[in-house]
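Engineer: Provided herewith is a single structure, encoded as structure tokens, for subsequent inquiry.
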Amino acid sequence: MKKFRKVLDGLSSSSPGGVASPSCGSAAGTPTAHAPTPLDIHVQETLVSENFHLCKTVRHGFPYQPTCLAFDPVQKILAIGSRTGGIRILGRPGVDCYSQHESGAAVLQLQFLINEGALVTACADDTLHLWNLRQRRPAILHSLKFNRERITFCHLPFQSKWLYVGTERGNTHIVNIESFVLSGYVIMWNKAIELATKTHPGPVVHLSDSPKDEGKLLIGFESGTVVQWDLRAKKVDFRIYYDEAIHSVSWHHEGKQFMCSHSDGSLTVWNLRNTSRPIQVTYPHGKILKDGRKESCKPILKVEYKTSRNSEPFIIFSGGLSYDKAGGRRPTLTIMHGKAITVLEMDHPIVEFLVLCDTPYSNEVQDPYAVVVLLEKDFIVVDLTQSNFPIFENPYPMDIHESPVTCTAYFAQCPPDIIPILYSIGAKQKKTGYSHKEWPVSGGTWTLGSQTYPEIIMLYKLKTSKVFEKPKAGEGRTTEVLDEDPYAVQMVSWCPHSRLFCVVGISAHVILYRFSKHDANTQIASLEVRLQFDSDDAVSPSENENNPCFSDPSSHSPLQPGSPGSATPDSVPGLRVKSRALRMPPGYQAELVVQLVCPPQQITSLDINSAYGLLAFGNCNGVAVVDYLQKTILMCVSTLDLYGAADPYQRLTRSPRRNRQSTSDFCMRGLSHFYSDSKKRIRTSYQSKSRLPRGEETGADHVNGHCTSPTSQPCSMGKPRIPGVPEGPRLTRRGPGRPPFRKAQSAACMEISLPVSSHTEESRENSFSRSRSSSVSSIDRDTKEAVTTLQFGESYGRKGEPLPSACLWVGTSLGVVLLLPISIPAEDEDRMEEPVTIGPSSTVLMLKGSVLRFAFLDCGGALIQSPYEVWRDPNGPEDPDRTRRRKLVNFSPWPSHEAGVDGHMAVVCSEKQAKVMLMPSQTVLFAHNVTESSFILRADVVSVCSSVCLACFCANGHVMTLRSVLPALLPSLRPLMDINYLPLTDMRIARTFVFTNGGQALYLSSPTEIQRITYSQEMADNLQDMLGELFTPIETPEAQNKGFLKGFFGGNAQPFDREELFGEAAAGKASRSLAQHIPGPMGLENMKAAAGGVVGDLARARIALDQRGERLGELEERTALMMNSAEIFSTHAHQVQPDSQSARYSQPASQSVIKSANMSVSHPDCMSGHKIT
């Protein structure tokens, strides 16, 4: 569990830099010494442009549109190529690297230089690239661009520096890996086939050297022709012709036979002794029909023929099912082991598969232990060592796209206890039946340091569909108009401290979840809200309606079915909440569901505050506030009624045409378009639904669930509907002849095209009506002012108020900021009994464009967090001697009251502007036009380098950071960074781009991948230390000794010197027009030196030590032989000496023998220096 505490961001228990210090207690403010003025604000600014640098860090998820697969059996790392030119290299958990070809061409094939720390990629633009994997960030060393031929297949033999390249014309070229240039040795297609053959054999689909003799190259052509080419003799050994097209070839490890897969679903086995016909033809999934014909089968796209020491060989292939049986069947992988045939059905089409073996040598018994299967949308590994073939549990987060991702939220510096508890409960959700063996892709190194960045872990999953009843066929209006899943998540809000989780669905519903470590059996409460505003019921600004009616929860009366205000067929929610008690497992448990009715408009903004016990959401019609503790609706008003008489805009009179056909579309149409539309357009339309029936429209005094006349009775909306209870009084609201008025269209409600063209200063001034379309001035257009952002917080509800209180900040699509004060009972006992009241709103600020973000700073420039309730388990055991009380945490607006100044600053960012306002005086301190030619899609006030800045992502792809506050002497929001990072071509990026503290951000780079980036120079400098090592120095395993008999009868592979055949001296140079060499920053000969580091030095020292030991061993053997020879000479000398003493002439002879013995011992290679006398 210690590991998971370090994996994700934000496990520090201390307060983040630039955040005000918390204090326990209620959410009430304290009296101020005096109201702050701009002269009282002295911010110590530390951020400069040098603190920012934008770069990509890591990528998570499943590679989008995968195309190929490769595995290094010694390093045990795996590479996946994609159609967009990306490469993902995976090792042990934490070793995850992403690289991208600049051309963006699809990767057709991958080839590892086994145990060399290099990778060859073949791309669709007919270019070969050599990648260096001996560094944390792989880089291209060489590139070779083919000009006249298209690459179809590549093969690199083990421990060879010559790469075989097959082309579409049927030719085979040879590339030197070290210099990355073509050899003059070429195998032309017309030499490989017989001269009598009149047809072209087709592209090369297979290349492999014989396991028995590396000088024999097997070439497979698409038409069904297989040729074995003798590289030494430059001639064909044999040719095989078959009627069906060939898809793949696999050798038996002895090199005496091979297997081919064909387009008719057959497998053929060929023996080299007789190549005239196959020794075996099988249709694994084809049966013989009654009339004697065989079933037609699908092609077998790939086959692997692997032998095993202790069992029958494995034959593994993809495809081959009969068309009759496979009409509705999923893609399959078949494993034939002896007489047993196992068919594994896959959820997605198979792209490629690889069989993992213990040895890298092709002429040894393979002993396969796993199969890696790459699917279009998944990645699995099958265990071959067990008879039931279970799959391994994938340690990578490859299932992020299990359902299409619609929104993201990024939280840093979370409480340290939230990660382990989510992981422990989420582990219980995992499936069973996985293999008990370790994950086989275990290469690379990654250590748990002080900052662990690359790894991401799936902690917990939550399905919102379990809250609702399963819709019956043809039931529900929402499913009729929505193209996507009615349960699709539109936005989320999470409080990590109180562990509250709020989900907004595309069917206009809000679900509130509470976290519990215990299971529960409870019923989900539900509320229905009518938040519909029709322009025919609009109030003229000349009318004397100054204050909207904020409903009192105590005066709510339920609606009676059949009454004029009751639910009609148009007002029935599309989804029905389960009304029975449900058993909920530990984790997040649904507590409340709020649904919009009559008819529902999609929700555009959301905020929840655990300290207040309130939930607020808004759409293109208005805003609603819910007390989730008392399960009541506090407020439900249209955006127009929030203004009262203080409307800052002059409403234009609508065209007198009455019977106009309105559109019937939801706000923010279809999330599915975000993934299928390849046009460079963003379409986010806030359009009105069809109006209510005319009788209800003219006779209703209540609109949007609240009363709009100042003389009417309290509103009768907000409680769940109870049959049989009479409804409250209803009054007529709109008199005859009262002209409605129309609002200017929101910038977020229009269709825009990218890139955004620049406008002149005059047109920019004319566009201040909050629109990006010239059609705004049309009086015939029906538009609404949407609520785009909401924020609870401690602030000052009125200008000049002495005490802060709970407030709700509201931002609209017309750039208006409104403030609603909230009165909450202070005592915990009164909170569940007394009602929460919301005062009338006041307009405090106006900006250009839709309001996107609120943030609050104290007068020292520190970020003020919203108050929260400390988490307590709602289903935990209760202590009878101790009452359960809510523990609230409030953040002080000023870390030290020695300055005698109280108050705070509010940072407001819209699509065009950013302003800093001083509260409670509501004085605008700083203002900055962030962009003129484009607009902001995402903005967040974040803490970076112990300070605070405003981070923005614009529609033109620019990422910007601005100082959120400056000293009073410099009244401006000066930009710190402005980088053209990402062209916005898909709405998916706009919906998922999010900033967080610590200089981090992320977005959904593809429908299946999450890209994390950093805009902090400090993190960019330390990124190399956070990433894992792809290459680890490992000794290459030695080849097995076949034994004397097998070697004598040709069992061992014959040695083959490729340099002698393919080198420039023997083969000459290739034509310059055939391929163009593009050199990289370094060659392969310098790759090992470039690795550097302690690991590389130790490896080289170890190799040098081994070589020295071998030389010392050889020297010791030679010394022993010399000493043995000297002893023999000495023995013979002593034998001769007694016989020669009697003869006078023998004295010189014995001396000469002894002298010769002494000379033999004094050999210069002898280190002992022994001397015999």
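Glycine residues also receive a Cβ, built from the backbone N, Cα and C atoms like all the rest.
Caution: TrEMBL annotation is automatic and unverified by curators.
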Engineer: In TrEMBL, which of 1-31, 187-217, 249-279 is tagged region 'Disordered'?
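Structural biologist: That would be 1-31, per the region 'Disordered' entry in TrEMBL.
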Engineer: Looking only at residues six or more beyond either end of the repeat 'WD' (239-280), which have a C-beta under 8 A from one in the stretch?
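Structural biologist: Distant Cβ neighbours of the repeat 'WD' (239-280) are 192-194, 202, 205-206, 208, 210-213, 218, 220-228, 286, 296-305, 307, 313, 315, 317, 319-322, 362-366, 1051, 1053.
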Engineer: Limited to the domain 'V-SNARE coiled-coil homology' (1083-1143), I'd like the whole-number average of pLDDT.
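Structural biologist: Summarising the domain 'V-SNARE coiled-coil homology' (1083-1143) by its mean pLDDT gives 63.
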Engineer: Quick one: DSSP breakdown of the repeat 'WD' (239-280) into helix, strand and coil?
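Structural biologist: Taking each residue of the repeat 'WD' (239-280) in turn, the totals are 0 helix, 22 strand, 20 coil.
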